[in-house]
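Written out below as structure tokens is the structure these notes cover.
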Number of protein chains: 4
Amino acid sequence: MTDQQEQIRVGVLGARGRMGLEVCKAVDAADDLELVAMVDQGDSLVNAADAGAQVLVDFTTPDVVMDNLHWAVEQGINMVVGTTGFTEQRLERVRTWLSHKPEVGVLIAPNFGLGAVLMMQFAARAARYFESAEIIEQHHPRKLDAPSGTATHTAKLIAAARAEAGLGAMPDATKEEVSGARGADIDGVRVHAVRAAGLVAHQEVLFGTHGETLTIRHDSLDRTSFMPGVLLGIRSIVTRPGLTIGLDPLLD
Amino acid sequence: MTDQQEQIRVGVLGARGRMGLEVCKAVDAADDLELVAMVDQGDSLVNAADAGAQVLVDFTTPDVVMDNLHWAVEQGINMVVGTTGFTEQRLERVRTWLSHKPEVGVLIAPNFGLGAVLMMQFAARAARYFESAEIIEQHHPRKLDAPSGTATHTAKLIAAARAEAGLGAMPDATKEEVSGARGADIDGVRVHAVRAAGLVAHQEVLFGTHGETLTIRHDSLDRTSFMPGVLLGIRSIVTRPGLTIGLDPLLD
Amino acid sequence: MTDQQEQIRVGVLGARGRMGLEVCKAVDAADDLELVAMVDQGDSLVNAADAGAQVLVDFTTPDVVMDNLHWAVEQGINMVVGTTGFTEQRLERVRTWLSHKPEVGVLIAPNFGLGAVLMMQFAARAARYFESAEIIEQHHPRKLDAPSGTATHTAKLIAAARAEAGLGAMPDATKEEVSGARGADIDGVRVHAVRAAGLVAHQEVLFGTHGETLTIRHDSLDRTSFMPGVLLGIRSIVTRPGLTIGLDPLLD
Amino acid sequence: MTDQQEQIRVGVLGARGRMGLEVCKAVDAADDLELVAMVDQGDSLVNAADAGAQVLVDFTTPDVVMDNLHWAVEQGINMVVGTTGFTEQRLERVRTWLSHKPEVGVLIAPNFGLGAVLMMQFAARAARYFESAEIIEQHHPRKLDAPSGTATHTAKLIAAARAEAGLGAMPDATKEEVSGARGADIDGVRVHAVRAAGLVAHQEVLFGTHGETLTIRHDSLDRTSFMPGVLLGIRSIVTRPGLTIGLDPLLD
């Protein structure tokens, strides 16, 4: 980054929460960003406007995020939203607000993990070229669901890409199976969920065809892994008016 | 494949060579392709034309491939070429021939391994989003060069993508290094070459940023691994007039 | 190997079979072994004795192997047997023959893959020190059974080692499972079987405890992978009288 | 653990330090251990004796650890020591003290990571059976030395095992090498050091022979990974009089 480049002024809503705190640290550490406002329960949003914030990052709760969004769009301030709970109805309301402020940009993303998003993109892209595809996800043993949401989503993307390319069922001569050995069947894609102490969150997507395999693996070790995605969102949204959903469109 | 779909009629030049033989087998086994001519030294190319070949696959030698290409373009037959030795000068001559036959398609590719091509594409695409990137390639111990050509090419792609994104040097606090421990430096990207009995040809590209890593790995076990790429070339070239270089443009 | 060292003279029974042929090549290529007899259907075993064989390697069929063994033990020739079909009854007969020839050694092994045998040894040894253990085996899609015999055997070894160490059930909070996601349950050890084109025969054993994992992985690419085990058998059996079952006792 | 089994009473020296705190937590959480004393600067060791500690765990500093050891041996209390700085001279003094108290056990270990210790044991054991062996260690980019101490130690163990088995140099036909590509040469074993953001501490030992490879991989994510080794030390030392160095002897 050159010194001449102007910094983007950033405010954080939910600044004392677990994620908000990490965002504050990450913004503070980035040369091209300036942390100008930290807002949490009891603080007024007006502080953020007064401080000249160009982008607000929102990691708050579903019950306040819509008010925050409405206010920010009205003020002409861009937003990066990691708060959950967005239904199609809610997204529609945001689109309406933005239609009156066409210069404002809003990014709403369910997952800020760049690695996970890229893994899914690459998997969807590779799927049509390989006879076989299977997913092995590995998580800590306190996880309640198997397979993970990310693995299920990846499987659906692969299945859709295969269908579009006219690929049939994958080769599999299994005759004798101990129940469960071949994993869960998600739209025809086998998904295996490993649970072990010492693991955090990992996923491997294996593609195979004659004489070769291609493997895409993502290892996530802690929640700071979401920060590069948040920073990418901040840097992108200032020149990206309208509503953007998910990191995918930013990765092109 | 639906039954109604017409098969593409394919001829193979260099049909008795190691690669040619594999191509014949692969074409023969594909439902949507028909093997109509096998041509090798001493056979006339006219056979291929008489047999109504729509695509000729050429795995011959640098001293005959230009004649084959010239003849095929004249005849209006598409070509997929895996023969090596193409200089910019040779490519220019092919372009000239094609300029008089704008409906003919020619694909010339140095590497038909789909997995390797996708690995390189994904690596180039991921590079800008990660602080760190390193390459570990692993081959059988009879290999003469280290690192491999594919690893060197991948490193250059990563370096170019980083430069374009304005990324600086990767973090590395190494103070005390046993010579060679940190690998070869290819345009600022560290490349490690492992050589061991039992290995064939493998490459891992590791990307890392705060709290997460993304790994793209390719394992190639034998030369049949090039066949899916050759078949993709055949299927693509019938609707892709002009000169196409490398598989990359076909993978979009 | 020093030049002074005397070579071990080896005969191969079933020398024209798939495995026998590989054994002949491997013995021939080893500096410390001399291939003195290649015997197959129609040849007389006496040739092997006349040639002064010290060790006979038997990759024949269940219907002739017992005759071969009986004859070799009578002649005072050591044997390395890879032929299948050994019941406890058959082993008992071999023990009886050997009791009259206490200086002769016989090795009968169901699996000559050193890597696989070591993987199982290490897995059994590590099992008691980790809270969690899971197995992921990966094979070509023409395989009929899932999980593989090796994976099932490994799981049983792990379960036995855990029981002996007084370890209870592994931690696993899974509440919502898409059927099969958590793999097959083999004596309390979860086993996942991946099937994909491009794979040959692979197995990964994952152990985990607080903050760390230990992974033991075996990749087998072709049947030459059994040769180091056969050679180890030949070298060991000349100084190992009596009946030895499996490679395990040779690996200490 | 049965209810009848008596708990081992444990005291922790250096209890308010980073490691000491983790030890206190781990002892507290273990059903078969009872935390009876937490001692740090300013506290008297006598507290630990009064509390009936059977084992003291010492994560203090080199300048006080010898006094702690002397006192504990005198009192007849067993010790598990993770404090660094033990020279051969210091060990000799401990042996002298123990010679007067033959019933007391002392464990002094430079590394309590069970996974790392097992990885090294397995590597040393596998080394003689494979033509090739290479090490790839991967660490965070703030690490100052390359390769890591563990990787260097593993390489030396492999080299020693190969020498003992009479194995010569590994096969390697490399003719053209970009400087550093083949890694550092540690006693003839190639070691590659990867440094990338997002990594913590990882090591892979790759063994290869005809048609197969065996890989042993250790991933360490945080310092709690040392706790299972500390607990193993506590449980073992109560029935292991004399001086024990390193976890190795406990893992048999």
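Note: Cβ is positioned from N, Cα and C throughout, glycine not excepted.
Among C:Asp40, C:Asp43, C:Asp50, C:Asp145, the residue that TrEMBL places alongside C:Gly14, C:Ala15, C:Arg16, C:Gly17, C:Arg18, C:Met19, C:Gly82, C:Thr83, C:Thr84, C:Ala109, C:Pro110, C:Asn111, C:Phe112 at the NAD(+) binding site is C:Asp40. Comparing Cβ neighbour counts within 10 Å across the binding-site residues C:Gly14, C:Gly149, the minimum falls on C:Gly149. Compute the center of the Cβ atoms of C:His140, C:Gly149, C:Thr150, which mark the site for (S)-2,3,4,5-tetrahydrodipicolinate; besides them, the chain residues with Cβ within 8 Å of that center are C:Glu137, C:His139, C:Lys143, C:Asp145, C:Pro147, C:Ser148, C:Ala151, C:Ala201, C:Gln203. Secondary structure from DSSP puts C:His139 (active site, proton donor/acceptor) in a beta strand. Filtering of the recorded positions C:Thr83, C:Ala109, C:His140, C:Lys143, C:Gly149 by Cβ separation from chain A (threshold: under 8 Å) yields C:Lys143, ordered along the sequence. Of all the recorded positions listed (C:Arg16, C:Arg18, C:His139, C:His140, C:Lys143), C:His139 sits in the most crowded Cβ setting, with the most other Cβ atoms within 10 Å. Its Cβ placed at the centre, C:Asn111 (NAD(+) binding site) has 16 other Cβ atoms within 10 Å. In the three-state DSSP scheme, C:Asn111 (NAD(+) binding site) falls into the coil class.
In the three-state DSSP classification, C:Thr83 (NAD(+) binding site) falls within coil.
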